[in-house]
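What follows is a short report on a single structure.
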C-alpha cells in the first residue's frame, strides 16, 4: 500500500496516489475538459428553462436544481483540481487544511444535491406517468415543489460538515481516512448504503414507468414529461404505438445505465474496502472520476430526448 508521502504527492487530485507528473497532467486535463463541458451544458439548461415559459414545468424545476448543484462541482471544484494538479507536490497551497476542507465541501454539497435531484426527477416522472392527473397536480403544487428543492439543499448542508474526511483528500501527515480512521470507514459505508438505497428507489421508479408505458395504450413519451393537454399548441403526430413504446423504454434504460455506471463503481469500491481490503488506488481514482463526471453528463441525460429543449436551443 502507498505510504503517507506518496499520498501527499497526489493530494490535489482526489484519490490520485501516483507520483508521476504525466499522470497528474493527464488528470488535470481531464478535469479541465469536464469542467468546461459541464459548466457550459449546465448553464445552458438553466438559461433555457428561465428564458422560455414553456419549459417552466415542475419536472424541469428539479432538473434545474440538479444543474445548479452540478455547477458547484463543474464550475467551482473541478477547475481547482485541474490547476492544483499542475503545481509542485510541496506547494504551500496543497498543505492548507482549510483550503482542502473548502474544496471537499464544494464537492460534497454538489454531489449530494445532484444525487437527490436524480431521485426527485425519477419520482416526479413516476407519479406523472403512473398516477392520475389529479394526484400529480395535488402533490406537485408550487409550494410543495419548492419545499422538496429546499430540503435537498438542507440535507446536503447538514451532511457535508459531518463528512470532511470523506470528501477531502489526505495530507502529508495524515494517510487516507479509510486506512486509519475507523469513523471515516463507517462514514464511507453509510454513504455507500445511502447511494444503494437511492439507486434502488430510482430504478423502481423508472422500471415502473417502463412497465406502464409498455402496457398502456396511451401514446406518451417518458422523457417528454409535459401534460399533453396543457400544451398551448397541437402536439406533433406521435409515431406508431409500438415504436413509441420501444423508444421510450430504450431511453429510460439508457439513462439508468449511465447513472449506474457513474455511481455504482464507487459504492462497491467503498464496500470492498470496508469488508475486505482497500481496492487498488487506480480503481479508487477511476470510481471517483466516474461519479464526478455525472455532473457534466446530467444536463444531456435529461434533455436530449425533449423536443421542447431542442426547439428552445434552436431558437
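Any Cβ shown, glycine's included, is placed from N, Cα and C.
Note that the structure is predicted; figures quoted are calculated from it, not measured.
The transmembrane segment feature in TrEMBL is assigned to 25-50, 62-80, 100-123, 144-167, 187-209, 250-276, 282-304. Positions annotated as domain 'G-protein coupled receptors family 1 profile' by TrEMBL: 41-302.
Two recorded stretches are said to be in contact when at least 3 C-beta pairs lie under 8 angstroms, sequence spacing 6 or more; the transmembrane segment (62-80) and the transmembrane segment (282-304) meet this definition. Same-chain residues lying 6+ beyond the ends of the transmembrane segment (282-304) with a Cβ under 8 Å from its Cβ atoms: 13-17, 27, 30, 34-35, 37-38, 41-42, 44-45, 63, 66-67, 69-70, 73-74, 78, 107, 110-111, 114, 118, 121, 223, 255, 258-259, 261-263, 265-266, 269, 273. A mean pLDDT of 77 is what the model gives for the domain 'G-protein coupled receptors family 1 profile' (41-302).
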